[in-house]
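*Asks:* One structure coming up, written as structure tokens, with questions to follow.
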Amino acid sequence: MAGTSVLQRTNFFSPPADPPQSSDLNLRLKEQHCLSLLKSCKNLEEFKQAHAQIVKWGFFWNSFSASNLVAACALSDWGSMDYACSIFRQIDDPGTFEFNTMIRAYVKDMNFGEALAFYCEMLERGAEPDNFTYPALFKACAWLKAKEEGMQIHGHAFKLGFENDVYVQNSLINMYGKCGQIEHASAVFEQMDEKSVASWSAIIAAYAGLGMWSECLMVFGNMSGEGCWRPEESTLVTLLSACTHLSALDLGKCTHGALLRNISELNVIVQTSLIDMYVKCGCLEKGLSLFHRMAERNQMSYTVMISGLAMHGHGEEALRIYSMMLEEGLEPDDVVYVGVLSACSHAGLVNEGFECFARMESEHRIEPTVQHYGCMVDLMGKAGMINEALEFINSMPIKPNDVVWRSLLGACRVRCNLEIGEIAAKHLFQLNSQNPGDYVILSNMYAQAEKWSEVAKIRMEMARKGLNQVPGFSLVEVGGIIHKFVSQDTSHPRCKSIYDMIHQMEWQLKFEGYTPDTSQVLLDVNEEEKIQRSKGHSQKLAIAFALIHTSKGTPIRIATNLRMCNDCHTYTKLISIIYEREITVRFPKRAPIGPKSQKNPCPAQRLNTAEVPDVTISLWSQEQCTETTELTW
């Protein structure tokens, strides 16, 4: 039997007929020695030697020793699940501990299906689950997004009386959150008699996973209000993400302060999250300062900084940071190159963009993905190279997706190229696009061309498919409270003072030679009606409200879910000068204003236009931001 493993020597597994003639004390000492050998094992070979000693002395038939064998082999970093399973199968009547160990080990090994299978076997063989069984099972269901199985196991835990166990409840919150069942996660949290820090962290993470950022901050506010919980680092990082997506700079600064008070040294992940928050909330200089003060930077740190500079239109600085990354010996990946190409696109660096695209494959052996091709289409579209962009799409070695065609459609709208715009829209509709924005853009292009019958057809098609465009809105943070405004809004409690301020602003603007630009009021109405419509744009209402309720010199930061029109662009720039205010507007995808402009920053991402409820509290809800940019005056 030379070369045969210990497990295959079945005679070792039979209880010795004549155990060694030793006293009970000596046997106990020997057993303790064998168990200490198990604890000191550093690799599988050492474990096999300890295993052989346990089998040799007959201790395998002691349930305590067998349990320790399974646990050591299954849960150690050097362990082997195949070997651990072989040991487990030699146990005649495995109990709760052994099954729990195998379930935990399979979850640790990311083999979630096997973990659930062992639970079924556990029930079939009559082993009684305990409160240590279910956290691992719920974790497996969370990873598998196995909502139905998770609910069944929840029922088992409830029947066995574990519904009030805090560890089980925390795992349930996490599982339901990962499966998108936030109402169930919230119900479990609300029903908890005793909550731990992990409970609060779990529900905050559940809301964050679904992009329910305002709920994250509200729950954290409740947690802080109780005054007896110290937030975990992961929770504070989640709060930073919430502030980033909500453009809530003041709340982000408070979270930064909480991190400094609670954590002695911020790691790379936390520092990168802080940079991301400051950059996306309009504080580019603060983000750059934090970036340059980092003792250690990783690939993600550079990616965030490059993307942030791209968002603000600083393409050349983004390329300089990219060069610094290469000098540090960090190898770029496909995500880094998306940021680099976006930076070239937003700053109008056409030649540099093509050079980077070529280097990506030739020097760094990165196969271009549809995201990279989309960036190149965006780059050419921003530069007015509409025909070239269409040729580029037709020559792509991979099938273009909706994002690629949407980039081309957006560029056609800005350049008033209806012919190619119709081609882009046709491909989008063939891809069964359910994005109402695609239909709205094409409708607006027809309206610009005064083809009102085509506008009516597009609108009827939207109605037939049940596609509804989310109304435009703007949000402004004043005194820690986010206020929402929609176009022509008359619902705000301070509506009268806001429109009085609009009238005063227009009076001041007349002295600067301002005249309303109604070219983008795409309605079949007379000029006077168009002027009245443009007065009530949500961005103007938000600016007026902020001017009334903030002190002189206070920066104004606005987030809007629609691309800024030419009139609002001019209007905001002049108001910034007249009232001596820095005004930052975060808005969705746009192209440079004017036929040859390349200096204005263009968007990296689009704001996902989930409907935002009227704000009566100091927080608001919005889905994750993608494709946003900012302009600062």
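Including glycine, each Cβ sits where the backbone N, Cα and C put it.
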*Asks:* Have a look at 1-22, 507-528 and point to the one annotated region 'Disordered' in TrEMBL.
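*Replies:* The range carrying the region 'Disordered' annotation in TrEMBL is 1-22.
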*Asks:* DSSP helix, strand and coil counts for the repeat 'PPR' (267-297)?
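*Replies:* Split into helix, strand and coil, the repeat 'PPR' (267-297) gives 23 helix, 0 strand, 8 coil.
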*Asks:* Hey, which bits of the same chain come close to the repeat 'PPR' (267-297), Cβ under 8 Å, at least six residues off its ends?
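*Replies:* Distal contacts: 233, 236-237, 240-241, 243-244, 247-249, 252, 255-256, 259, 304-305, 308-309, 311-312, 314, 325, 328, 330, 555, 557, 584, 586, 625, 628, 630, 632.
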*Asks:* At a C-beta cut-off of under 8 Å, are there same-chain residues at least 6 beyond the repeat 'PPR' (95-129) that contact it? List them, or none.
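*Replies:* Cβ under 8 Å, 6 or more out: 63, 66-67, 70-71, 74-75, 79, 81, 84-85, 88, 136-137, 139-141, 143-144, 146, 149, 153, 156-157, 160.
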*Asks:* For the repeat 'PPR' (95-129), how many residues does DSSP put in helix, in strand and in coil?
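*Replies:* Final tally across the stretch: 26 helix, 0 strand, 9 coil.
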